[in-house]
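Copied from TrEMBL, the annotated features are:
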| type | residues | note |
| --- | --- | --- |
| COMPBIAS | 1-12 | compositional bias 'Pro residues' |
| REGION | 1-41 | region 'Disordered' |
| DOMAIN | 46-74 | domain '4Fe-4S ferredoxin-type' |
| DOMAIN | 95-118 | domain '4Fe-4S ferredoxin-type' |
Amino acid sequence: MTIPQQPGPTPVTSPGGSQPASGPRDVLGAAAQPPGVGAFDEHHPPAAELVADCVHCGFCLPTCPTYLLWGEEMDSPRGRIYLMKQGLEGEPLSDSMVTHFDRCLGCMSCVTACPSGVQYDRLIEATRQQVERRHSRGPRDRALRAAIFALFPYRRRLRLLRGPLRAYQATGLPRLVRRNGLLRRLAPTLATVESLAPRLGRAARPPQRVAAVGTRRAVVGMLTGCVQGAFFPEVNAATARVLAAEGCDVVILPDRQGCCGALSVHNGREEEARRFARRMLDTFAAAGIDYFVVNAAGCGSTLKEYGDLLRDDPRYAALAADFAGKVRDLCEVLVELGPVATRHPLPVTVAYHDACHLAHAQGVRAQPRRLLRDIPGLELREIADPEICCGSAGIWNILHPGPAAELGDRKARTVLATGARLLVTANPGCLMQVAASVTRAGGDIALAHTAQVLDASIRGRGVEELLHQRTPS
Ligand code: SF4
Ligand code: SF4
């Protein structure tokens, strides 16, 4: 893979390379945008001292998926930080700037690659909030985002889609739609959503609580999640069984918990995210839990940052910081507690895919690998370029279907090159994205969440049940 190297930031250009950085100006030459300090207003702009931490070394560039795709300096972490600097110095928030910020997947690969410890995660989160407040999007983009945020953070609304989706999947239509390619040509966004939909089975309602098997070692809350809860209920069921088998009382309260706010945080919708976070705290703050366990990477990284999200809220700030300290990814808590349940053999080759918000945002890489390697008979294989995002990134693959498909195709090639029979990851978005990409590539590999593999081993279910979960037809 050839990475174009550039000595330093270049002038801001449009995706086509010709549009000037400045936004529209009125007859007096003033920037036609709301008053504020350059691109940003005074409510938590990207911090100048964090921007100044970047020494322009470029070590992050080869790990940035958008730089890999386009080789444009302004589509790299260094370029985006340069744009933030320009904005802080008085440059107005132009359409071109917003395009480069929007194109960032938020994968945080640059954060782990940066030797200077630049906190790009905090910078882009603050920038996105500014963009949502201060930039007026075009009607199509507004309508698409409105539709996504009226649906995705609401598990009950998503569940209403299950019936029609199962009926559609029971016909031969999905195969036909993908084969003739008409939908992709006429409506690429709809075609992307169609290709991502997982094959649905029956869904049982989660219980309020699941009691620990044997001696109780901890009481844990468990996130059911929106997409996870609606489309992957079997992953939640497996998570609860594994936790119970390892001596945890699992408090689920499925009717009271809502969205954790991750999608809203990652897309700059600050107030909406805070509303979701307060509700989550109201549900679990008095539940007497030792840990709050999450099996979706994007949700976990947001829940761990509740203290920051609610720092301006006098009623919730301390509660949020305390709760955030209890949040653990499933693999983290299992390694922390240590295994007590017997693992039965699972003779299968597994490729483990690092979800970006688990590996880069939470630093959880070793724990899932250790848990998988501890299963007798399981052979773990590494995927090449593990730091490069699969292109899912929350709703990025719906907002940018073409480039997301390119990243998905790269990932599918590296996954299939392992020759493994089972792909394991810990995020519903990655599962759907990689499944769709493998199908496009004509490959065939079973997919499972880490929780399902552990569950199959603990229950002695054998490997066939796992291998039954194929990519979409
Ligand atoms: S978060 Fe990912 S896409 Fe965004 S700048 Fe960093 S590496 Fe690139
Ligand atoms: S973000 Fe870090 S790795 Fe990237 S150019 Fe700046 S200092 Fe270097």
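Note that Cβ sites are derived from N, Cα and C of the backbone, with glycine treated the same way.
Non-local neighbours of the domain '4Fe-4S ferredoxin-type' (95-118) in the same chain are 12-15, 19-21, 23, 39, 50, 53-55, 57, 59-60, 62-66, 74-75, 77, 79-81, 83, 86-87, 124, 127-128, 131, 135, 266, 356-357, 359-361, 363, 387-389, 391, 393-394, 396, 399-400, 403; each lies 6+ residues outside the stretch with a CB under 8 Å from one of its CB atoms. The average per-residue pLDDT of the prediction over the domain '4Fe-4S ferredoxin-type' (46-74) is 97, rounded to a whole number. Counted with DSSP, the domain '4Fe-4S ferredoxin-type' (95-118) comes out as 14 helix, 0 strand, 10 coil. Shown for the domain '4Fe-4S ferredoxin-type' (46-74): DSSP residue counts in helix, strand and coil, namely 16 helix, 0 strand, 13 coil.
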